[in-house]
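Record features (TrEMBL):
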DOMAIN    69-543  domain 'Major facilitator superfamily (MFS) profile'
TRANSMEM  73-96  transmembrane segment
TRANSMEM  108-130  transmembrane segment
TRANSMEM  139-162  transmembrane segment
TRANSMEM  168-191  transmembrane segment
TRANSMEM  203-221  transmembrane segment
TRANSMEM  227-246  transmembrane segment
TRANSMEM  328-354  transmembrane segment
TRANSMEM  374-396  transmembrane segment
TRANSMEM  408-428  transmembrane segment
TRANSMEM  440-461  transmembrane segment
TRANSMEM  473-495  transmembrane segment
TRANSMEM  501-524  transmembrane segment
Amino acid sequence: MGVGILPPFGDDHIQVPGTRALKEEVAPGADVSGDKFANLKRHPKHHDVILQPQPSDDPNDPLNWSRLRKEMLFISIMLCTSAVAVIGPIFIPAFSSMAAEFDRDLTAIANLNGILVMMLGITSFIGIALGRVFGKRPFLVFTMVLEIIGLACAAKSSGYWSLYGSRILQGLGIGGFACVGNALISDVFFLHEQGTRIALWQFAWVFSVNASPLVSSHIIATHGWRMAFWAALGYTTFCSVFYFLAAPETTYVRQEPISVATTPPETESEGKEIEMGVASAQPALEHGAGPQFPARKSPFSLWNGIMTDDSILLVLSRPFVVGLTPPIFWSLITYGIFFTGTIVTGATFSQIFAVAPYNLDTVSVGNISSIGPLLGSIIGFASSGPLADFAARTLARRNRGYFEPEMYLVLMLPAFVFCLAGFVGWGHSVANGAPRIVPAAMIAIAYLGSTFGFSGTIMYASVAFPARGGDAFGIMMLAKSAIAFGLLFVANTWLATVGPVAFYGAWAGLTCGTAFLALPLYIFGKRIRLWTSKNSMLGWTTR
């Protein structure tokens, strides 16, 4: 094919899940106004762009909402995402002082974050499934209520175990917008509108996570760590009310899509092309499908009926089988390693910088644990999306106009390079007592590489088997939370035992090792996807 991705054995033209046409080629002289195209709705200004998904004629269809209503929903998503994202690292700058206050070691304090991450994964997994059955709005309102209760309990906690219990509630609450924010955007915006908004949603999460210690350190230094939870409670309550008033249910049952050609033509055509734009990433739908559940009584309603014929048992069990497919299995392990690297190393900031030779106070620990990761993550998210799009367009042109999910795996190359340099440099700079600007720079580079790793694995998993993108994301969230939860039990002891060079070197090896496995997956990925779709045990999960 000219891009290093091996075609299926014996047939270059067989249909493979995830392979898509970026442009649909039409033979010379063909009538593009025929039945196949005449009923498809198009962009009002750019008529060569076919709207995908195709909106119905029903005014309740979220795709038909007014621009104001759509943007208000998007603002509510951004606000609530930022509100839940700040909770995890909110007391990272105070690890050492909280350990002294509760008479616990650093591992016990780190486990306050570990249990939150584990609960986040459980809620995310269940939420994706229940949102498919009952709709997203009741789940999101419920999780935000849990978040508010958890923050109030933390602010009033009097001991370690009461704070631990509050972190369980907070983790369950965080899972809502952590797992379905992108699905909300996909429900309401057309495909050619989604890219920028999903990137902004990811940016809201990353910015809030990394800015949280920067802000909370000043509050903790002046008023104590409980006041940081009171501040988060006020902001979360405001965001929750805004979402309740601005965001109706977005789940909408659509007619089954019509299959469009996703296999390369036998010969290259020089005929007229119908530009699919970004919209070509999904199959076209026939319009005119009405709602298949009872009409909503009110925009504020929390119940709009059952949204699918699938049983709850099926939607809860299917992600586990999806996780056994080779592309998703690699994705969940790789995503879990990259995510855990940031969580586990984040739990070591106080252990390193609050003692000799640095002896930093709470505010300074907050600064160094926030500014470096924030800069690295911002640069990573700002560049990973455009780099992925550029790679996909460039490689697809060389591939006769056809996109393969493996084209997103090019992001694992910068992930490999930056994680190797960042983690190894981080360990050696700390071990040698280098000026704190040096480890801070290495932290930024390591988080830059991790961001490329996040983006590459999520992008690949979401399009490898398009029909099961939600199931793939759900099992990835659960897996990465389980990995992080387990490793947080040993992270601080591990660092104290082996030292920073070996500790951060191990994370360099783990992240780079999983990133390197993207190379054989890039080469053989299309054959693996075809084999999976035909496998008697796994094939049903790809459709």
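Glycine is treated like the rest: Cβ placed from N, Cα and C.
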| Among 108-130, 227-246, 408-428, 473-495, which stretch has the most Cβ pairs under 8 Å to the transmembrane segment (501-524)? | 408-428
| the transmembrane segment (473-495) vs the transmembrane segment (328-354): 3 or more CB pairs under 8 Å | yes
| Recorded stretch, among 203-221, 227-246, 328-354, 374-396, 408-428, maximising Cβ pairs under 8 Å relative to the transmembrane segment (108-130) | 328-354
| field | Recorded stretches the transmembrane segment (374-396) and the transmembrane segment (139-162) touching, at least 3 CB pairs under 8 Å | value | no
| query | Are the transmembrane segment (139-162) and the transmembrane segment (440-461) close enough that 3 or more Cβ pairs fall under 8 Å, when only pairs 6 or more apart in sequence count? | reply | no
| field | Long-range neighbours of the transmembrane segment (328-354), counting only residues six or more past its ends (CB under 8 A) | value | 89, 92-96, 106, 110, 113, 117, 322, 360-361, 364-365, 368-369, 373, 415, 419, 423, 426, 430, 436, 439, 443, 446-447, 450, 453-454, 457-458, 460-461, 464-465, 472, 475-476, 479-480, 482-484, 487-488, 491-492, 495-496, 500, 503-504, 507, 510-511, 514-515, 517-518, 521
| said: I'm checking region-level scores; what's the whole-number mean pLDDT for the domain 'Major facilitator superfamily (MFS) profile' (69-543)? | reply: 84
